[in-house]
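A.B. asks: Provided herewith is a single structure, encoded as structure tokens, for subsequent inquiry.
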Amino acid sequence: MNDNIAMYFAKLLAEVGIKRIWGITGDSLNGLSDSLQKLGKIEWMGTRHEETAAFAAGADAKISGKLAVCAGSSGPGNLHLINGLFDCHRKGVPVLAIASHIPSSEIGSNYFQETHPENLFKECSVYCELVTNPDQMPHVLETAIRQAILKKGVSVIVIPGDLLLRPMPKDAKYLWSEPHLPKVLPCVEDINELATILNENKNITFLCGAGCSDAHDDVVELAKRLHAPIVHALGGKESMEGNNPNSVGMTGLIGYESGYYAMENSDVLLILGSAFPYKAFYPQKAKIVQIDIKPEALGRHTQISLGIVGDVKSSLELLTPKIKQKENDTFLKSALKHYQSTVETFDKLASGTSKEGLIHPQYLTKLIDKYASEDAIFTCDVGTPTVWAARYLNMNGKRKLIGSFNHGSMASALPQAIGAKVSAPDKEVIALCGDGGFAMLMGDLLTLVQHTIKAKIVIYNNSSLGFVAIEMKAGGYLSDNTELTNPDFSAIAKAVGIKSFRVEKPEELESRVKEFLAFDGAALLDVTTAKQELTMPPKISFENAKGFSIYMLRAIINGKGDELVEVARENLIR
């Protein structure tokens, strides 16, 4: 007797090397769940929310470098996957999403839970197809897997639950071979033109992004020849910050002043594998050249003098031999001096002593960085946890940093820590969670317990949507609707069986951080951090300054002068 579609599905996934599927089962997934159980080669990783499943799959793919799989049942079940899949898609990690559907005979009848997932998922996928006939299955499934791997994105297969139970065609078979990512070599004429530009100009600065992940040594070698400061975007922090004598920090809204000025004062800015989106931080007078593996990325966020299609590593292997060693290193020395000054300024803000008895989030992050293992994996929520991670976590070539850096979704840190820890069980995994983001998917603390996942969860508990409040102040608005009434998160963790710690005094923090990280198992650290901590960007516009002044006036007029006192106390009195 032929396998049904569900068993064919399970066997091919096992052949591909899939070890687990993240999701929540439901009646339209019963056939697949049953086949997975009978086959016994793929684990079902049940979560408490499908969004968690998608985020976890993305982190699983990021850490393993291989295809990960998530699934959601018909209607609301697979709809809950969408936000996490958008993050996976924009991050460029290979994920296969299985969106089961209502009975095929009921499609188009406004049936219970009916949606049109084949349309809904198109914007967050490189491939999305509805299966309506068993004959489609071999080529649709294999195509979906290959596209996800080769295009580094999300593939979605939409399949009615009843179709999973139908037999495969008699002659159906799978023949799987692992696809390998190609090198994308640049045009030689473009490389020659770039070599001329770099050799003829004086002050060169690099801006490096996630596309430099396999090209660290190549980038540093070229920078040494040019005496070029290396600035990184957030996506490039993991690969370019460590073991880099030319590093001058990050740029952007949450970056370093030194990074901004190294770009602003350059004659040529060479963008390497970065989709840095903030136009205000690009230099006004420099000639800009961009190398990216994606043609559509060239010139997307700033005007460029030359755009080169190619992967960074292959491009620099061709370029570097053509570059003459520069003698004058004045520009680099100035940038490095500025960087050191910026680091010292940030370090002063990460003090464990406070006249007001406050725990500054910078200090918490610095301690996490100090006591975390040298190959730790960090995840961080958007907003202020990303700011502190960007400024106070030191990447060394072994550590990893995962966040929703392109999609910008709240609530990513906990589920990404779940996926990362399962993918790399021998590595220390630490989630840096905002209190707002953590509360959104807090139910998946139970996933840690159910699957014995030994991730560490840190909560920056400032009872506020902190970054949103800062943006409102900078715009001249009162930070209304950003305050959060929080529970004792450590008590909640304890209630579900997770070791927990709560810290409210700065003098207790260091010992608790050490105890928390040393615990052999899942643990949660709930820290009450300063509420009005400011995250100042490296470039303050007139509009920002004007907006903050307007906010202060409005605060006084509306009887919120105490809020101004709190801002001053937390940021000026250390």
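Every residue, even glycine, has its Cβ placed from backbone N, Cα and C.
Per TrEMBL, the features are:
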DOMAIN    4-115  domain 'Thiamine pyrophosphate enzyme N-terminal TPP-binding'
BINDING   Glu50, Gly408, Ser409, Met410, Asp435, Gly436, Gly437, Asn462, Ser463, Ser464, Leu465, Gly466, Phe467, Val468  thiamine diphosphate binding site
DOMAIN    191-318  domain 'Thiamine pyrophosphate enzyme central'
BINDING   Thr251, Gly252, Leu253, Ile254, Ser274, Ala275, Phe276, Pro277, Tyr278, Asp292  FAD binding site
DOMAIN    381-527  domain 'Thiamine pyrophosphate enzyme TPP-binding'
BINDING   Asp435, Asn462  Mg(2+) binding site
REGION    533-574  region 'Membrane-binding domain'
A.B. asks: Calculate the per-residue pLDDT averaged over the domain 'Thiamine pyrophosphate enzyme central' (191-318) and state the result as an integer.
C.D. replies: 97
A.B. asks: Can you give the largest Cα to Cα distance in Å, as a whole number, for the residues Thr251, Gly252, Leu253, Ile254, Ser274, Ala275, Phe276, Pro277, Tyr278, Asp292 that bind FAD in the record?
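C.D. replies: Result: 23 Å between the two most distant Cα atoms.
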A.B. asks: Name the one residue among Thr251, Leu253, Ser274, Phe276, Tyr278 whose Cα is closest in three-dimensional space to that of Gly437 (thiamine diphosphate binding site); these are the binding-site residues.
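C.D. replies: Answer for the nearest of the binding-site residues: Leu253.
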A.B. asks: When you measure from the Cβ of Ser463 (thiamine diphosphate binding site), how many other Cβ atoms are you left with inside 10 Å?
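C.D. replies: The answer is 15.
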A.B. asks: Which chain-mates of Leu465 (thiamine diphosphate binding site) that are at least 6 residues away have a CB under 8 A from its CB, listed by sequence?
C.D. replies: Gly383, Gly434, Gly436, Thr482, Leu484
A.B. asks: Distance between Ser409 (thiamine diphosphate binding site) and Leu253 (FAD binding site) at the Cα atoms, whole Å?
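C.D. replies: Rounded to a whole number, the Cα-Cα distance is 17 Å.
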A.B. asks: Counting distance between Cα atoms, which of the binding-site residues Glu50, Asp435, Asn462, Ser463, Phe467 is nearest Tyr278 (FAD binding site)?
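C.D. replies: For Tyr278 (FAD binding site), the spatially nearest of the binding-site residues is Phe467.
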A.B. asks: C-alpha of Glu50 (thiamine diphosphate binding site) to C-alpha of Leu253 (FAD binding site): distance in Å?
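C.D. replies: Just about 31 Å between their Cα atoms.
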A.B. asks: Per 10 Å Cβ neighbour count, which of the binding-site residues Thr251, Ser274, Ser409, Asn462 ranks highest?
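C.D. replies: Max Cβ neighbours within 10 Å, all protein chains included: Thr251.
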A.B. asks: Work out how many Å separate Ser463 (thiamine diphosphate binding site) and Leu253 (FAD binding site) at their Cα atoms, rounded off.
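C.D. replies: Their Cα atoms are separated by 23 Å.
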